[in-house]
């Protein structure tokens, strides 16, 4: 069995042993039959409608088992075959022991690619072979007895991959491992070949081999290697792995554990998944690459495409696969999916002029120079995942963009620049990626809209026309010129054509029933074996909704709900389809119906109507000649530029200068956004009108994320109202205030940290630790402690004082919550800023009866009272006179904008201040150590409110 075959030259395509650093070839190709194993599940799927494919499935399974498990030569038919030239099972491999089995191969492979392609392919094929997944016809049986050998091979491979996870100090898997020798000793300075590792499984039937009894091709198995034979040499090891590679092992490894009973696989994969999840930013975003040893992100860019895609996918699919599982982890994975998809929706989703997803800075959510101007073809999976999770409307809108982009190039380029409308950075290849076909299939399953059948037809016709070669499917080196690659990736058959096949097979057995099976990220269907005791999760996390927010419509207008959408042509404009010529060049002929025949000569294409109408496979009678689209959405954007500093200001002019004194404003990035101090002079703000509210998108060219804030420090602008610029007004709000909170635990932690800084430096002593460090060549213990303490202590400038006074740099984290101010005759004006209240008491009862004075300490300043059971005035009447602030806690409300303004319709006898906050979350369950009230200032530009600016 060849490893892979080149589709154009029909030559074998295998591992590059001459250049082990060629990871483009070697990561997935470990000198085993990659395409055959990756395609086993596709053969099983197609066997439902073809006995021939069923026979091919069983024949391929038999060959894989013979070669890789039993390690036996193929029987030779002397009548029909030249037995003298017959190759054995392992004759082509260097240093392959006759007594070994499984994947005992001297090849370093990528853990992620080998897991999803090979391990997943073996597990899925085993599930089909044992009828755990329905598709194989009962009328076609193998010519041998299947004895779970595919599962044995999967177990062998899993054991060889496992050390990449279990020997990592962070839980994040090392990216590569040698299938024979395992991980290198000292990962940065590998020594692969000093300590060979025995294969996990010996041969089942060891026999004495004699030269007379061996096949001719086996006679040199025990001989020394030939002169000039290539053996892979060690090289500097790369410890960076991608987010998808670290988090996308949980489906395959958990399935392996459940089928074998060996739980170490699922435990290691769950640990790796959690290691990625625990490293998310405060915004809930991930980087594209993370170091397995340090655990640090290797770059600031986050997205849903290359390097990050299948982490999101496995969060949702793990929830589906583990539904009702006795381990009860399905709700935890739902929580991960819910929070991570919300972060994507908040920070990455763009909606103008059509929906797409941008790359952003994982810490700020702001666009990243260069990276935010392009999207990649792998991100085309996202609409399909949204559709599977029930977000059908969002998925539909997003898939329109990829449909139009495919129509533009008759493929998806690896990267496309949204600003220029051109291929990004010369990355115009298409290796046969399945993500767009996958989303099309998922959306059709969710909606049954015939639009997606026409999309699928377009994909198939384009692939046949451009990619079919004499011996397989060739990737495109350039989607613009049609130059082809002499390489067929295993996912051509394992994924791309699988999704397209199922798109048109409405009656496939997998489309019936409700068993919790899923596709892995490599397109392999898997399902967990049914347990005798299946229970729902314990309820530690809330259960997901039982219905989709966008159910399929009962009636379809025109012929398709998607084709009838008012925004269907917005994607055409976004991808520049309207700029393509409307008539074909004279040398091109229109596509003929026979173009789907792989032997057809016609390879030309032009849209039969107008390229703006997509997909081009839409029949002309469905394209109205006088169709028009709805108005393209656009955002009003402008720059607000403040005057430059004046060289000199008189005292008179300075007093009326709304923009501050002579100095320019100081702009700096801070946690949560950008601060402006000193003055507003010289500041340039880019603003966008989003649904009637202005958002500052950049300050002086520095981009802001969607959730980032611009902080105006005090006195940068006149707030008295005596002077106001009509284009920049600051108004005191009367309805909402901010509650600035420090939790007691944070205050205590900061105090402990401060006390540790005051610990005197330990003098050098000849302790066992110090002596050991010295012998190992490290710095002394005293020096190390000094280095550590110097991170915290800022030394003084010396001066006349010889003693160094450490300066505190630690302070408890501040949390801001919005509160709504009462109205009515009992409402008390709240000052601009109150002092910090440090004695906060929480009342368990709703204060509808007089409060016992001995139940509240006399030192209490703030009283938190639950809402309900009586009026707000009654509650306030029962509050002791020494309480300065009452906080009404509405436990049924999560968002401050959903609060109802309290009415105090009775006199406030003690003049007690009051606010109401949303208490539906857990924010107010913690002990509050300090609390300050601060009035809010709103900023208005052109009489439109600015939503992301805070005046301090």
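Think of each number as a place in line: the chain as shown, counted from 1.
Here the Cβ of each residue, glycine as well, is placed from N, Cα and C on the backbone.
Predicted automatically and left uncurated, TrEMBL annotations should be read as such.
Within the listed segments 104-148, 149-193, 194-238, TrEMBL records region 'Disordered' for the stretch 194-238. Between the CA atoms of residue 414 (active site, proton donor) and residue 521 (Ca(2+) binding site) there is a gap of 18 Å, rounded to the nearest whole number. Checked against residue 113 (active site, proton donor) by C-alpha proximity, the recorded positions 309, 435, 521 yield 521 as the nearest. Counting in whole angstrom, residue 435 (active site) lies 10 from residue 309 (active site) by their C-alpha atoms. With a 10 A radius on its CB, residue 414 (active site, proton donor) counts 23 other CB atoms from all the protein chains. In sequence order, 244, 378, 379, 381, 382, 435, 521 are the residues of the chain that are 6 or more apart from residue 309 (active site) and have a CB within less than 8 Å of its CB.
For the active-site residues shown (113, 435), fewest C-beta neighbours within 10 angstroms: 113. The Cβ neighbour count for residue 521 (Ca(2+) binding site), using a 10 Å radius and every protein chain shown, is 27.
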